[in-house]
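Since the structure comes first, as structure tokens, the remarks are kept for the end.
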Amino acid sequence: MLGLNKQDTTILLVVAALTIFAPFILNPFPVDSAMAQFNAGYPDLMQRFVIFGIFAIGFNILFGLTGYLSFGHAAFLGIGSYSAVWMFKLLSMNVIPAIILAVIMSGLFAVVIGYVSLRRSGIYFSILTLAFAMMMFALAYSVLTPITGGETGLQLALDDPRILGISATPEGNIPTPSLFGVEMRASTTVPVGAWEFTFNFGYYFCALIMLVAFYLSVRIFRSPFGLTLRAIKSNQQRLNYTGVNPKPYTLAAFVISGMYAGLAGALMASMDPLAGAERMFWTQSGEVVLMTILGGVGTLFGPVLGAGMIKYMENIISKINSDILHSWFAFLPDGLEDLIVAIIYPFIGKGWHLTLGLIFMLVVIFLPGGLVEGGQRVRSWMKNRGKSKEETSQTPAE
Amino acid sequence: MDAIILQILNGLDKGSAYALIALGLTLIFGTLGVVNFAHGALFMIGAFCAVTLSRILSASHEVLVEGKTDFLGNPLKEDVPYVYDWFGESAGAAIIDWSVPLSILFAIPVMILVGVIMERGLIKHFYKRPHADQILVTFGLAIVLQEVIKYYFGANPIPTAAPEAFKGSFDFGAMIGLDPNTIIYPYWRLIYFCFAAIVIGCVFAFLQFTTFGMVVRAGMADRETVGLLGIDIDKRFTIMFGIAAAVAGLAGVMYVPINPPNYHMGMDFLVLSFVVVVVGGMGSLGGAVLAGFLLGILESFASMREVIDLIPGINQVIIYLVAIIVLLTRPRGLMGRKGVMEE
């Protein structure tokens with residue numbers, strides 16, 4: 001289907017099904033139950049799942065295929081957000097021009113930064129991208145305040161021109177981002193028995209774009225271009241000797257992944273029309289690295305999985321507090337209950353970064369291929385166990 | 001003239017911190033070939049060693065004051081630190097006052113221990129893995145260490161004072177024969193610079209003039225041959241990791257009075273220190289120190305009002321700009337050796 005082989009089609013269909021039915025899958029608990037806080041099916045969080053999914057898919061095209069570890073990818077996220085908000089301010093609240101401009105702008109920046117950074121490889125490349133991103137962060141935060149809004153960030157105002165749209169709604173409010181009149185925040189809530197499912201237009205818009213982005217990345221992975229990128233990762237010298245100049249290929253990969261990041265930034269701004277410099281800070285770049293590694297670098301499905309995992313943990317684990325823990329372990333004797341709560345407490349709530357760091361370390365140490373590799377190992381282990389059981393059951397029969 | 005001297009002096013303290021961290025990073029990279037993203041966390045742990053010691057020293061118990069009552073009429077209680085009981089009041093007060101310099105003695109064994117545990121427990125398993133994996137696992141470790149410190153010490157900066165004798169500033173201009181009141185410089189920053197110079201000198205002397213240092217240098221040049229000569233080079237490299245951790249920790253201890261430590265100070269310095277290492281040349285100890293001071297001083301020159309008026313925002317980006325220019329014109333850095341990290 002769509003020029004994909006059977007296996008890739010399956011992956012694409014699985015991702016499509018997961019995104020389409022996400023409002024159901026992420027809301028497994030009834031509204032009134034004690035577990036309702038683990039429901040992740042609200043629009044804001046689901047939007048972040050897919051947006052960061054796009055970011056991680058793009059990052060994976062660079063890091064997963066070529067092996068160049070960029071520590072400054074958040075710069076493109078920021079550029080995308082800023083461009084999109086400027087489009088909202090100047091042209092109209094339609095998201096299409098905003099997204100187009102964001103992708104073009106981040107692509108242009110990626111060409112310049114990539115051209116310079118890709119002259120070096122290894123750790124030097126990481127440091128160069130980091131230096132560029134931090135430079136842009138510092139400038140956006142201070143000198144470029146007229147363009148970026150500085151510390152407060154870039155926000156919409158009532159007196160923005162919006163040539164093709166309206167400056168203010170008849171009620172005197174700032175209009176919200178929309179797609180040809182349908183507002184991004186439009187959502188309907190459907191109660192089904194004890195459950196409640198929310199369908200949000202913005203989420204489905206982002207999900208559709210993510211599916212397209214995912215499809216493109218599958219095509220890139222399976223194309224001759226993707227194969228060349230893999231060759232760069234495994235042995236650049238040999239590629240040189242065969243007469244292929246790797247530079248244009250790595251630059252193309254860098255620009256593509258920069259444009260993915262810009263797209264993600266534009267979608268972030270479309271869901272919530274403001275852009276701040278902190279989106280360019282290196283911790284944000286670190287986060288996308290974490291997502292990609294956690295899910296499985298170089299795999300198709302991994303980055304999406306990693307992005308979902310980290311955003312889920314960020315929102316859900318950080319919400320747990322000691323009272324909730326006490327209620328969970330209330331069945332235990334008092335002393336034991338307090339002990340267990342005391343042990344778990346540092347890892348939840350504000351301490352969720354600690355959990356993240358530990359999980360990340362464990363993944364890098366034991367599962368360099370990320371969760372996807374973990375899944376494969378479990379599957380092959382199950383298969384082998386099934387086989388050995390058959391063998392053992394056969395032995396006495398002989 | 002005085003403005004130039006003032007900016008050089010201002011750059012020295014930050015430059016010293018950069019140089020010390022970059023020196024440790026380079027030691028680890030040169031010996032073990034590992035890119036340690038957790039080095040900033042070691043700097044931070046050093047700073048919190050100082051905080052911990054000053055808290056331990058100030059630990060106190062309540063004592064009834066004879067013949068006095070508080071406003072409710074109850075007997076008045078006063079907090080008396082334990083050190084007062086043990087060493088007498090004046091000596092005890094002096095010990096508490098000097099807690100930051102005393103922390104040096106406390107931090108050295110702690111940091112060496114932390115470094116050795118880190119190397120034996122984690123980094124040992126990453127020698128044969130790609131550099132990207134090393135970066136990632138140490139990055140994860142840095143997050144964990146940072147969060148542990150945040151859990152115990154909170155998210156806010158913790159001010160810890162320098163000894164009373166070194167508070168305040170002195171007139172550096174008058175000392176070198178310029179007009180008085182042109183260059184006023186805080187005592188502690190000068191001490192920090194001298195301390196950094198001594199530590200750097202010690203590390204270089206240790207490597208240059210001791211048998212142990214000679215073996216380590218030989219191991220840096222050709223690890224395999226040294227191993228073939230029957231020397232347990234791994235053990236020595238582990239100790240070097242401990243020393244590198246101690247250098248970063250000491251930089252952190254002495255930085256406490258300049259900047260109250262918080263849990264993310266390590267990461268803030270790490271990014272810049274990496275830039276410093278790369279500018280100096282990966283694997284070159286002299287280059288790391290040189291680039292550390294150079295970039296520190298450049299940064300303070302770029303924060304001069306005249307320069308900012310000329311090129312707005314230059315103070316924020318100067319280090320990164322220099323790094324980009326250096327990497328593109330001298331790919332090995334200022335003093336980089338051939339064949340180091342050139343895959």
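Cβ coordinates are placed from backbone N, Cα and C, and glycine is handled just like the others.
Features as listed in TrEMBL:
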- B:16-35: transmembrane segment (TRANSMEM)
- B:42-61: transmembrane segment (TRANSMEM)
- B:104-123: transmembrane segment (TRANSMEM)
- B:190-216: transmembrane segment (TRANSMEM)
- B:237-258: transmembrane segment (TRANSMEM)
- B:270-298: transmembrane segment (TRANSMEM)
- B:310-328: transmembrane segment (TRANSMEM)
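Counting Cβ pairs closer than 8 Å and at least 6 residues apart in sequence, the transmembrane segment (B:16-35) and the transmembrane segment (B:310-328) reach fewer than three and form no contact. Contact between the transmembrane segment (B:237-258) and the transmembrane segment (B:270-298) is not supported: fewer than 3 Cβ pairs lie under 8 Å, counting only residues 6 or more apart in sequence. Taking pairs at least six residues apart, the transmembrane segment (B:104-123) and the transmembrane segment (B:270-298) share fewer than three Cβ pairs below 8 Å and do not count as touching.
Sequence-distant contacts of the transmembrane segment (B:42-61) (same chain, six or more residues past either end, CB-CB distance under 8 Å): 17, 21, 24, 79-83, 95-96, 99-100, 102-103, 106-107, 110-111, 114-115, 145-146, 149, 153, 158, 160, 245, 248-253, 255-256, 261, 263-266, 269-270.
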